[in-house]
Every structure is written in C-alpha cells, then in structure tokens.
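Colleague: I have a structure I would like to understand better, so I am pasting it below and will then ask my questions one at a time.
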Amino acid sequence: MLATGALAVNFWAWSLLGPLASRYAADLSLTPLKLSVLLAVPIVIGSLGRIPIGVLTDRYGGRRVFSLLSFFAALPVVWLALADTYTTLIAAAVLLGTAGTSFAVGVPFVAAWYPPERRGFALGVYGMGNIGTAISGFLTPRLAEVFDRQVAYFVAALALCVFGTAMALLGRNAPNWRPAEGSAWSRLSLAVYDRTTWDLSLVYAVTFGAFVAFGVYLPALLKVSYGLTMTDAATRAAGFVLFATIARPLGGFLSDKIGGQTVVRVALIATVCLAAVVAFQPTLALPTTVAYLSLAVALGCGNGAVVALVGRLSKPERVGSITGVVGASGGLGGFFPPLVLGFTYQATRSYSLALLMLAATAALVFIYIHLRFRAMKTADVG
C-alpha cells in the first residue's frame with residue numbers, strides 16, 4: 001500500500017497541468033496546438049525516463065529509488081508555482097515528467113513480494129496508484145479556485161516530500177530481492193531483444209497511452225465539446241480516471257484466473273467499439289457518460305492485464321528493465337494523442353476524428369496481438 005500511495009502522489013504531480021489547461025490557455029493566449037505541446041511534454045519525458053529508472057530499480061531497489069524520485073519530483077512542482085511564461089512552463093514541465101517514471105519503480109518492487117500466480121492482482125492494486133491522476137483532476141482546480149494556483153502546486157509538492165520520507169523510513173525491499181548483476185546496458189539489451197517485451201509494449205501503448213491522454217486532455221475536451229465549466233469538466237475527467245484505476249486490479253485478477261491474453265483481447269475489442277461510439281455523441285447525455293466510463297473500464301482492465309503478463313513472464317532480475325521499456329511505450333502512447341486531439345480540433349473544430357483514430361489503432365493492434373498470442377507458447381494460456 002505504501003508503494004501504491006507513492007505512485008498516487010507522483011501521478012498527481014505528473015498530471016497537474018491538465019486540470020489547469022483552460023486557465024493557462026486563457027491567461028497566456030495559447031493556441032490549441034501550443035496547449036497540447038505543454039500537456040504532452042511531461043508525458044514524453046515521464047515515458048522515456050522509465051527505461052533508465054527501471055534499470056536503476058533492478059540495481060538499487062525500489063525503496064531507495066522511489067524515495068529519491070519523490071523528493072526530486074517536488075522541485076519542478078514548486079517551479080511550476082512560480083512560472084508565469086510559456087517558456088518557463090515548458091522548462092518546468094520537462095522536469096515534471098520525472099514523476100511519471102515512478103511506475104517503473106513499483107512494478108519490480110511489488111512483484112518481488114509475490115509468487116507468479118498472485119502477481120496479477122498485486123500489481124493491479126499497485127497500479128491503482130494511477131488514481132493520482134483523478135486526485136489531481138478533483139483537487140487541483142478546487143485548490144486553485146478557493147486559494148490560488150500556487151497553493152495547489154505547493155500542496156502537491158508537500159505530498160511528494162511526505163511519501164518520499166515514508167518510503168525511505170518504512171519501505172522494505174522483498175527478502176528474496178537481490179541487486180541485478182551485470183552492466184545496465186547488458187540488462188537493458190536482454191529486455192530490448194525479447195520480442196515479448198515489444199508485443200506487450202504495443203498493447204500498453206494503446207491502453208495506457210489512451211488512459212494518460214484522456215487523463216490529461218479530457219478536461220479540455222469536455223469543456224470545449226459540451227460547454228462545461230473548468231471545474232465540472234475536471235471533475236468528470238477525474239471520474240473517468242477513477243473508473244479506469246479501479247478496473248486495473250480487476251484486469252490483474254482476471255488475468256490470474258482466465259489468462260492475461262484473453263483479458264487483453266477483450267479490452268482491445270471494447271476499446272474499438274466504445275471509442276467509435278463516443279466519437280459521434282454531440283451531447284453529454286446518459287448514454288454518452290456510460291460509454292465514456294465503459295471505455296475507462298476497458299482501458300483499466302487492459303492495463304492491469306499487460307502488467308500482470310510482465311510480472312508473470314519476466315525473470316526477477318529483468319522485471320524492472322522490461323517494465324521500463326513497456327512503461328515507456330505506454331507513456332509515449334499517451335504523448336501523441338493530445339497532439340492529435342489539438343491538431344484535429346484546430347483543423348476540423350471537432351474531436352471526432354481523433355477518437356475514430358483511436359478506434360482504428362486499437363483495431364490494428366488487436367489483429368496483430370491476436371495473431372502473436374496464437375503463435376506464442378507461454379505459461380499464460382489465455
């Protein structure tokens with residue numbers, strides 16, 4: 001639970017810009033494309049950074065890395081509180097991306113405590129730390145309204161320091177954990193040259209990438225598409241993230257019971273159908289809300305299943321490295337959608353095309369991974 005809490009506050013920090021996007025756009029007269037770039041920068045940094053962070057976790061252990069990372073992430077959060085130009089916001093957003101690397105720390109840290117047949121659910125519970133995105137969507141705009149933007153950032157920075165201290169004092173690596181041997185490059189190479197790593201990375205790029213993109217951009221999408229206030233849009237987006245987060249351990253649990261491959265297939269098919277449905281919803285009526293929340297559940301189950309497969313199929317000394325690569329792919333999958341959303345809206349004054357592109361991408365990935373799963377001979381017989 002300590003690792004889940006640490007992940008939550010890091011994801012809270014990682015998602016700070018999204019709930020305040022419309023305010024920044026108004027204050028700095030940002031175009032949709034400029035706003036998309038600002039929101040996307042922490043995503044790409046947090047994604048690519050998962051690769052070295054995963055390697056470092058295999059070598060130095062999750063307790064130490066999680067603690068130091070939380071303290072470091074507090075620095076750009078404080079910088080954001082002081083930033084007042086687009087250039088300084090971009091610079092702070094680059095460093096803010098380090099908070100997003102935290103996911104790659106906790107997977108090997110948690111997996112080492114459980115046997116393979118129980119890792120799916122355990123990693124799903126850890127993945128519930130994604131709720132930090134929902135916390136950000138709910139708390140950040142309210143703190144900004146009641147107090148001001150600076151207070152919202154300082155509260156998040158304080159939370160990071162609290163959990164950094166807690167992890168340093170109370171965290172423990174698993175009794176059977178041993179530092180990985182060999183150079184960082186050799187361990188990373190073993191992960192990179194494993195085709196299963198890239199198969200899972202492709203799926204995670206869709207499921208987690210869409211989750212990240214919606215968590216960051218959904219407040220702006222709902223505000224523009226349905227005329228909601230900033231607070232209302234951020235609250236509804238937080239609900240989307242909450243449903244996806246709760247579904248994550250469900251995906252891990254189902255992976256333990258019926259196989260991660262089966263869960264991945266169903267999640268991708270559901271994503272195809274539901275993304276196509278929400279693309280053609282002109283009003284935010286009950287069916288639209290149900291479709292969005294169902295899409296959140298599909299993405300959450302898919303995320304849980306992918307991480308369960310990583311924990312089950314990876315050798316203990318490579319879990320961090322493989323998680324880093326898979327996690328980076330998922331985060332990068334969340335980098336491009338905000339840019340596509342901003343570009344397509346600027347060109348068409350609608351987000352429908354971008355949502356249809358998500359459906360088409362999920363369909364292509366389903367076809368590929370279905371064929372790959374049929375060819376694979378693994379311990380997971382989904």
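Glycine is treated like the rest: Cβ placed from N, Cα and C.
For 1-377, the entry in TrEMBL reads domain 'Major facilitator superfamily (MFS) profile'. The transmembrane segment feature in TrEMBL is assigned to 35-53, 65-83, 89-114, 121-139, 151-170, 202-221, 233-251, 263-284, 290-310, 322-345, 351-369.
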Colleague: Given pairs 6 or more apart, does the transmembrane segment (89-114) have at least three Cβ pairs under 8 Å with the transmembrane segment (351-369)?
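Modeller: No, the transmembrane segment (89-114) and the transmembrane segment (351-369) are not in contact.
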Colleague: Among the recorded stretches 35-53, 263-284, 290-310, 322-345, which has the greatest number of Cβ pairs closer than 8 Å to the transmembrane segment (202-221)?
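Modeller: Most Cβ pairs under 8 Å with the transmembrane segment (202-221) come from 322-345.
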Colleague: Give me the stretch from 35-53, 263-284, 290-310, 351-369 with the greatest number of Cβ pairs under 8 Å to the transmembrane segment (322-345).
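Modeller: It is 35-53, which has the most Cβ pairs under 8 Å.
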Colleague: Which whole-number mean pLDDT does the model give the domain 'Major facilitator superfamily (MFS) profile' (1-377)?
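Modeller: Taking every residue of the domain 'Major facilitator superfamily (MFS) profile' (1-377) together, the mean pLDDT is 86.
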Colleague: Could you pull out which residues elsewhere in the chain have a CB under 8 Å from any CB of the transmembrane segment (290-310), counting only those six or more residues past its ends?
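Modeller: For the transmembrane segment (290-310), the sequence-distant neighbours (Cβ-Cβ under 8 Å, at least 6 residues beyond its ends) are 107, 119-120, 123-124, 127, 130, 200, 203-204, 206-208, 210-211, 214, 239-256, 260-261, 263-264, 266-268, 270-271, 274-275, 277-278, 281, 319, 322-323, 326, 330, 380.
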